[in-house]
Amino acid sequence: MADKGSVAAKSLTNSAPLSIFSYCAASILMTVTNKYAVSGVDFNFNFFLLAVQGIVCITLISSLKQLNVITFREFNKVEAKKWFPIAVLLVVMIYTSSKALQYLSIPIYTIFKNLTIILIAYGEVIWFGGRVTNLALGSFVLMVLSSAVASYGDSNVDTGKLNFNIGYFWMFTNCFSSAAFVLFMRKRIKLTNFKDFDTMYYNNLLSIPILLFASLTTEDWSAKNIAQNFPEDTKYAVIASMIISGMSAVGISYTSAWCVRVTSSTTYSMVGALNKLPIALSGLLFFKAPINFYSISSIFIGFAAGLVYAIAKQKQKKEDELQLPTDKS
């Protein structure tokens, strides 16, 4: 019986469909729970929300390490000092992300998030000697087009123009801060040789004090404001969504590594592109996101853009691999 159980467990851990489904489910769960947490009337505890998520994340991965499920490096003051600027960028990125998600619908947020890819691509050209192929450029055009169509669709719906203008400001700020975070982290990872869970551990551990300090000094901790952010009828649901979103962040990291291990980087990149569609549609399903010709069209254009970009990156990777033997000869 024990042998049968171990065989069944091994079969599950090597299941490509299960790994793909788990990755998609974790991504959707995190987006939806984040949106729910910040969707309260006049919610203004963004720093506290992010601190709770970080604490949950650290608690969970530390527990998993104790159970020998995952491994990551022990805390090192020298490495922490070098990594601290990355943690500051992370705080800016996740704060602007939570503010954008607070004011924008999930489909709009997901579509505009694609613009970060363009900034990262050209950042890699400048700092890492990367290149942008014609196919990748075509995907960028589709990304910009999907964002323009989504914005036009939003402006034609009477849902509070001021809020959406503020949301776009936070969204563009998030795109630039996300690109900066990814590019600087990539450079630092090359120097430190950090693995996925090393990165998650240091990012969360170093950002928690910053987030708690920002929350205590800039957010209103009066009894009236706490009651406003955590109404009696939804208080426990909001707290649960904070905890679940922190857990799903760990889930995304774990399922990403799992997906790459049992499939391939090509399949993983395709899944990442295809996953944009269910995430955007979840906003239409669970929240009152505007539904019209333009909003639906923008989702599918953004979906196509992600797919074209994934294909472009894989094609570029194959071309680079074919050129390597030539360079050596």
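Backbone N, Cα and C atoms are what each Cβ position is placed from, and that goes for glycine too.
Both PHE75 and LYS313 are recorded in Swiss-Prot on the same side of the membrane. Ranking 84-104, 164-184, 197-217, 238-258, 291-311 by CB pairs under 8 A with the transmembrane segment (132-152) puts 291-311 at the top.
When Cβ distances are compared across the two stretches, the transmembrane segment (84-104) makes contact with the transmembrane segment (197-217), since 3 or more pairs at least 6 residues apart fall below 8 angstroms. Outside the transmembrane segment (238-258) by six or more residues, the chain places 13, 19, 22-23, 26-27, 29-30, 33-34, 36-37, 40, 49, 52-57, 60-61, 64, 70, 196-197, 200, 229-230, 268 with a CB less than 8 A from a CB of the stretch. For the transmembrane segment (291-311), the most Cβ-contacting stretch among 41-61, 108-128, 164-184, 197-217 is 108-128 (pairs under 8 Å).
Remote same-chain partners of the transmembrane segment (164-184), defined as residues 6 or more beyond its termini with a Cβ less than 8 Å from a stretch Cβ, comprise 85-86, 89-90, 92-93, 96-97, 99-100, 102-104, 108-109, 112-113, 115-116, 119-120, 123-124, 127, 151, 154-155.
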